[in-house]
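For reference, the structure discussed in these notes is given below.
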Amino acid sequence: MERNLKNVLVISFGFLFLFTAYSGLQSLQSSLNSEEGLGVTSMSVLFAALTLSSMFLPPIVIKKLGCKWTIAISMCCYVAYSLGNFYASWYTLIPTSVILGLGGAPLWSAKCTYLTIAGTLYAEKAGKHAKDIINQYFGVFFLVFQTSGVWGNLISALILSQSSTKEITEEDLECCGAYNCLTGTTNTSESSRPSNSLIYTLVGVYTASGVLAVLLVSIFLDQIKSDQAETEKEKLEAPSFWSTFLATFQHLKDKRQCLLIPLTMYSGFEQAFLSSEYSKEYMTCALGIQYVGYMMICFAGVNSLCSLLFGKISQFTGRKLLFALAAVMNTACMIALLLWKPHPKQLPVFFVIPALWGLSDAVWQTQTNAIYGILFEKNMEAAFANYRLWESVGFVIAFAYSTKLQVYVKIYILLSVLVLSMVTYGVVEYLETKSSPGTPTATKKEKGQAHSQETCM
């Protein structure tokens, strides 16, 4: 257990350092690089590249390099994106967004595969249920990982608070909230943009954090046993490019994977909404860009604590209750955002909503990752590639219409996707219960593998 726990912690802290940089940069893109929509366009390009990457790169890279070196090399792509933000323009931010997108899918697929294999191997030795150990591992990972949002945004808040900002007038406030003005003139103009020296300082800290993540994983992470045992065999029996390329789509023959697509896409929609729409049209518009970091700290702090909590209690409550809780919380937040007109005098409200959003996101992240690992145990690379693919599609769509629609329309779209995802997720749970009623977890998994041969109608 000690060695397994050490590896889980190495991955967790590696992602912590890496996403300290990325989460800080992502939450600022819509506000910091608002001119001509550069920030949200770069995010849309990033996730479009991530979508393409999810279709074919994870199985190829993981089979060639193993989980450890896939993680380390993919992290370098994130460092490149940090470097691109030193001088944000169409010629620097867009290419580095593509690089990050290409590295993102192998990174997350390798991480999910590593934790799932480690949890399964330990469960076999200890005579425990694999799903319980996997849930605990993902809970530990997300406990550490989600604090990256705290540190990344604390760094940005402290540095950007040194910048001078223009006074926000009542006229400016009329363009904030769900019924925002599509003029691109919310309080993100060039006059309120931080100085270049502050931006260079901020991006320099983020770049150093990313480099530290690469070194940590490269030096201290062990190769997972299944990687070591199969490496030579896979080198001799390397699959063709097209067979690997099609592996992600072949996995859609599993009816359960098809039904999980809306839930997976919703994860992208809801994260994009908070980091783009809420941070710009509510927080930056009414309070100023220097408050975005503090808002994201609130979100990430609650998210981190709830990730550990839900990873622990899921074995007692089951995932269905947790998914229901997240759906109710997100729905309540969306209704509040439709009705609320943000004003600086209502400061606590600005932080209550991201706190509740963080609680919900903790469920979407821990339980969706876990359900993929449990349902598709024997085909994890393709399953997690699908996870990143469809989550990325959600991000791409949300960022693509970011500058085209008013916020209230985006909220209705988000709510519609949530309702659909809960319906299709319920069907997955029904199929699992129907296929193996009253049987132990191990037997359910075996039957689930047989069920995975069914086609998606």
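Even glycines carry a Cβ here, placed using N, Cα and C.
TrEMBL does not curate its annotations; it predicts them automatically.
For reference, TrEMBL has these:
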type: TRANSMEM; residues: 39-57; note: transmembrane segment
type: TRANSMEM; residues: 69-88; note: transmembrane segment
type: TRANSMEM; residues: 94-117; note: transmembrane segment
type: TRANSMEM; residues: 137-160; note: transmembrane segment
type: TRANSMEM; residues: 198-221; note: transmembrane segment
type: TRANSMEM; residues: 288-310; note: transmembrane segment
type: TRANSMEM; residues: 322-340; note: transmembrane segment
type: TRANSMEM; residues: 346-364; note: transmembrane segment
type: TRANSMEM; residues: 385-401; note: transmembrane segment
type: TRANSMEM; residues: 407-428; note: transmembrane segment
type: REGION; residues: 436-457; note: region 'Disordered'
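Here the transmembrane segment (94-117) has long-range neighbours at 7-8, 11, 15, 22, 41-43, 45-54, 57-58, 61-62, 67-68, 70-71, 73-78, 80-81, 83-85, 134, 137-138, 141, 224-226, 369, 372-373, 377, 380-381, 384-385, 387-389, 392, meaning same-chain residues at least 6 beyond its ends whose C-beta is under 8 angstroms from one of its own. Residues of the same chain lying 6 or more positions beyond the ends of the transmembrane segment (346-364) and with a Cβ under 8 Å from any Cβ of it are 142, 146, 263, 266-267, 270-271, 274, 278, 282-283, 286-287, 291, 294-296, 298-304, 306-307, 309-310, 322-323, 325-327, 329-330, 332-333, 336-337, 340. Counting C-beta pairs under 8 angstroms (sequence separation of 6 or more), the transmembrane segment (137-160) reaches the transmembrane segment (288-310) with 3 or more such pairs. Ranking 39-57, 69-88, 288-310, 322-340, 385-401 by CB pairs under 8 A with the transmembrane segment (198-221) puts 69-88 at the top. Against the transmembrane segment (39-57), stretch 385-401 shows more Cβ pairs under 8 Å than any other of 69-88, 322-340, 385-401.
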